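In case it helps, TrEMBL gives these features for our protein:
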type	residues	note
TRANSMEM	21-40	transmembrane segment
TRANSMEM	46-63	transmembrane segment
TRANSMEM	75-98	transmembrane segment
TRANSMEM	104-126	transmembrane segment
TRANSMEM	138-158	transmembrane segment
TRANSMEM	224-242	transmembrane segment
Amino acid sequence: MKKEKREKNTGEPTKKSRGKVFLYILLRVLVVAVMIAQIWNQNWNNVFLCVLTLILFMIPSFVDKQLHIEMPTTLEIIIILFIFSAEILGEIQEYYLIFDHWDAMLHTINGFLMAAIGFSLIDILNQNENFSMSLSPVFVAVFAFCFSMTIGVLWEFFEFGADWFFQTDMQKDTIIQSISSVIFNPEGKNVAVTIPIESIVVNGQTWNYGGYIDIGLIDTMSDLFVNFIGAVVFSIFGLFYIRGRGKGTFVKRFMPKLKKKQSEENTELETINKLKNSGIDSKE
C-alpha cells in the first residue's frame, strides 16, 4: 500500500495517462484534419464546430488547473470521446442521420455522466471549510438524479433556442401519421379526436413524405427519457457506493474530486517517510 502511494507521487506517467495523452493527440489531429477539409470546402458552419470542439477539449484541463478538481482518467476519456462523437461525428459526419439511435446514445451517456458529477458536487462541497452538510445516501442519490435531469432540460432549452433564433434543426423532426387533439372535436368538448394524415398540401403543393412533421416534440421527449435512464442507472450505482462506505472502484472512475493542496501532499509524504524510517530503525 505504501509502495503504491509513493508511486503516485513520483510523477511518472502510468499506462492510463499515456493512453489518455495519445487519445487527446489523435482526436485533435482528426479534428484539425476535418477542419482543413471544411475550410477547403468553404463550409464555415462546420469550421466553427471544429474550433468549438478544440475549445471543449480543454475543459478537463481547465477544471484541473483552475478549479483544482481532479478528474478520473475514465471520466476524462469518456468526456472527450463524447464531445468528438457529438460535434464531429454527429454534426459534421451526419451520424445523427446515418444511425437512428446515435442521438439517444449520447443523451443516455450524458444523463449517466451528469449524475456522476452531481454526486461529486456533494463530496466537493463537503471538503470546503465554509460549507459542510450531512446527507443521507438516498438524498444524495436523488440530488444527483435531479442535477442530471436539470442539465438535460437546460440542454433542450438550448436546442429550442438555437432552432427558434438561428433556424437550425437541433430538435430533429419526426414524421407522424395521425394527430390527436381536442381542436378536432366537433362538439367542442375536452375529448381528443384522432385524425389520420393521408395527404398534406404545403404552399399549394402536395407533400409526399408519408405524414406530418411534429416539429421536434417527440425528439425532445425521447432525449429527456433516455437522459432519465442514464441518470437513474448511475444514481442507483452511487446509492450502493455510499451505503458500502466507498467500497468498489467502478463509481470512483466517474466521480471528480477536489485536489489535495500541495502542503497536504507534502505532509502525507513526510508521514510515509517517517513510517519507513521508523520501520528501518526498529529492525536495527
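Each Cβ is built from the backbone N, Cα and C atoms, and glycine gets one as well.
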Take a look at 21-40, 75-98, 224-242 and tell me which one has the most Cβ pairs under 8 Å to the transmembrane segment (138-158).
224-242
Looking only at residues six or more beyond either end of the transmembrane segment (75-98), which have a C-beta under 8 A from one in the stretch?
19-20, 23-24, 27, 30-31, 34, 38, 46, 49-50, 52-53, 56-57, 59-60, 106, 109-110, 113, 116, 172, 253-256
